[in-house]
Structures are given as C-alpha cells and as structure tokens.
Amino acid sequence: MSFNRDDDSKLKFKTSKKLKVSATFESMNLKPDLLRGIYFYGFEYPSSIQSRAISQIISGKDVIAQAQSGTGKTATFTIGLLQAIDSKSKELQALVLSPTRELASQSESVISNLGDYLNVTAHACTGGKALQQDIKKVSKNCQVVSGTPGRVLDMIKRQVLNVRNCKILVLDEADELLGETLGFKQQIYDIFTKLPPTIQVVVVSATMSKDILEITKKFMSDPVKILVKRDEISLDVIKQYYVDVEKEEWKFDTLCDLYDSLTITQCVIFCNTRKKVDWLSRKLTQTNFSVSSMHGDMKQEERDQVMNDFRSGKARVLISTDVWARGIDVQQISLVINYDIPDNLENYIHRIGRSGRFGRKGVAINFITKEERPKLKEIESHYRIKIKPTPANLEELS
C-alpha cells in the first residue's frame with residue numbers, strides 16, 4: 001500500500017493537545033501479529049494521520065480524526081481497534097458504523113485482512129440482504145461488526161447482537177452519519193444508548209464541520225482532536241479542471257469527446273440523481289461505450305457485482321450517484337468526472353478524492369452549465385482553490 005510520502009508529509013494538522021508522532025509502526029508498540037498483518041497488507045510506514053491518531057486510539061481516549069481522502073483513515077481506526085481486541089474473548093468488542101453498505105463491507109475487508117494473523121472474526125451487517133445471514137454470522141463468535149446504522153440497530157433491538165462488552169465504537173464518514181441529509185443521526189443516538197457507558201468513541205471523516213463537532217459533544221468525553229488545517233484540504237495531488245458546456249444537453253457530446261481522447265486506467269462519473277445515472281449509462285451503452293453503473297435503488301447483489309467488476313479492473317468506467325463518493329478505495333482510478341456539480345459542498349472533496357488515492361496523481365473534470373457556474377465559484381471559495389479550464393490539448397491531462 002504505497003503513497004506519495006512527500007505530499008503526505010506536507011499536511012499540517014491542528015490538534016487539541018500536543019501529540020506524539022510515530023514515524024514507524026514498530027514505535028507504536030503494536031502486537032507482533034498485528035504488525036505482520038500491516039506489512040502483509042502492504043503498508044511500509046504510517047501516513048500523517050496514522051502516525052498521529054493510532055497511538056491516541058490505542059491509549060483508550062476518544063478521538064476525532066479528520067484527514068483528506070486516500071490517506072489511510074480506515075487503516076487508522078482498524079489498527080487501533082485490533083490492538084484493543086482480546087483475541088481470546090469471542091464476544092463483540094468493536095462496532096464500526098458507516099453510511100453506505102459498500103463502505104461498511106470495505107471496512108470489514110480491511111479489518112479482516114489486517115487482523116488475519118490475530119484470528120479476529122469480523123462481519124459486515126448491512127441492509128439489502130437477508131437478516132438471517134447476519135444473525136447466523138454474529139451468533140458465531142463475532143468480535144467486530146462493521147455495518148450500516150439501520151441494520152445494526154435492528155439487530156441490537158432483536159437482541160441478536162450483544163453489545164454489553166463492546167469496547168470501541170467507530171463512526172466512519174461521521175459528517176454523513178451525524179448530518180441531517182440521510183437521517184442516520186437518531187439511529188446513531190439510539191445505538192449509543194445501548195452501548196456500555198465506558199465505550200471509547202472514534203469519529204473519522206474527510207470533512208468535519210463545526211455543527212458535527214458540536215454534535216459529538218453529546219457522546220464523546222474530552223476527545224483528542226486531530227484535524228487537517230483548513231487550507232490543506234485542497235487535494236493538491238489532483239489536477240482540477242472545468243468544461244463550460246453552456247447547456248445541459250451539450251454535456252453528453254462533451255463526455256463522448258473526452259472518452260475518445262483520454263487514456264485512463266479507471267474513471268468514475270458522478271451524477272446527482274439515480275435517474276440521471278440510468279439515463280447516462282443507457283445512452284453511453286447505445287453509443288457503444290462500455291460502462292457500468294451503481295446507485296442506491298439497485299439490489300445489493302447487483303451493487304456487489306458492479307463493485308467486484310470495478311475493483312478487479314473488468315469494468316473501467318463507473319457511473320454513480322454520491323453513494324460511491326464516500327471512502328470507497330479503488331487504487332487505479334485516475335479520473336473523476338462530475339457530470340453534475342454536487343449539490344453539497346462537502347461531496348465535492350469526497351468525489352474527487354476517488355482519484356489521487358494515497359498521493360497518486362489524479363484528474364478531476366467538472367462539467368458546468370451556465371446555471372452551475374455559481375456552484376463552481378462556491379466550491380473554489382470554500383476550498384480556497386482555483387479550478388482551471390480544461391486545456392485544449394487533452395494529452396496534458398494524462
């Protein structure tokens with residue numbers, strides 16, 4: 001798991017107290033079998049957020065960790081919780097909550113891989129599949145559950161998920177979980193009331209608004225805050241451009257021109273609605289372009305198949321709504337196209353963060369109509385960046 005160490009080391013953090021920065025995984029005093037899992041997974045040295053946050057999580061403190069996409073936040077909380085788990089006890093000891101099924105499944109995969117030599121058992125509990133499958137899995141000595149709030153709360157209420165000895169709760173992509181948009185906040189509160197009063201809480205996200213930080217006070221005790229300084233959230237490793245298409249109906253031809261001209265490994269195209277995803281996928285397929293698509297209305301088996309095809313490289317172009325913008329890690333994505341400018345400012349950084357993973361160079365291209373120009377200006381102002389016009393010579397993008 002390589003990343004651009006120079007770019008990562010330039011990140012500046014604002015912390016609530018002076019923190020020890022661990023230059024190596026060995027200096028964190030991790031279990032030998034956990035270290036084996038870390039190195040086998042491909043990590044060589046900790047990223048900036050890992051070098052600051054892992055030791056704080058291991059110490060048992062409540063932690064709020066914020067860093068840009070692709071810097072290893074999932075491994076940060078995973079290493080912390082795996083260090084805390086008692087391998088001899090087969091009871092549930094860690095609970096990870098995520099806003100999407102795909103992200104919950106990805107976290108479970110990272111936990112299982114890093115914890116392989118510890119013989120830790122983990123399971124992803126998400127909607128969209130038979131409840132009985134989850135009940136069967138968690139009843140068999142499951143030490144870590146990674147899931148979506150609705151399914152996890154349902155299983156706790158049914159008393160099939162026993163949380164009485166749970167040591168650590170992780171909220172991944174916390175701004176989504178605690179925001180008003182997706183309606184998870186009450187479910188998070190309800191889950192929290194079922195957990196032991198001594199539970200350690202770790203909150204992780206690429207963006208962290210003042211409102212979300214205020215909400216965390218309700219269930220966190222004097223948390224250590226590790227936040228990227230505001231002017232560092234520009235994702236410098238990603239070249240950002242716009243194409244002024246003037247009218248909505250001209251976007252499609254522009255996309256076809258780009259598709260023909262660019263040499264890419266893998267690409268994600270974001271639309272704001274499920275209807276637009278289906279329309280664009282159908283239209284591109286009719287024009288003999290090979291694409292796959294995914295959104296929240298699809299059955300879970302379909303979404304899983306799309307994800308597997310994209311991860312394996314079988315599919316090169318994926319069209320999606322913002323369900324895919326959060327935390328999903330596919331290393332070979334080199335291009336993100338915002339067919340629609342996101343309605344939510346925070347989603348811009350989550351979308352373009354799909355390219356440039358772990359410091360790799362990536363490109364983001366934004367299609368804008370006359371009506372969308374103010375949105376682009378708002379994004380530039382919010383992130384203190386300048387998004388350039390797409391160069392006439394498209395080879396400059398590669």
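Cβ atoms here come from the backbone N, Cα and C positions, even for glycine.
Of the candidate ranges 23-51, 139-167, 226-254, Swiss-Prot annotates residues 23-51 with the feature motif 'Q motif'. Here Swiss-Prot gives motif 'DEAD box' for one range in the set 12-15, 172-175, 320-323, 356-359: that range is 172-175. When secondary structure is read from DSSP and collapsed to three states, Gly72 (ATP binding site) falls in the coil class.
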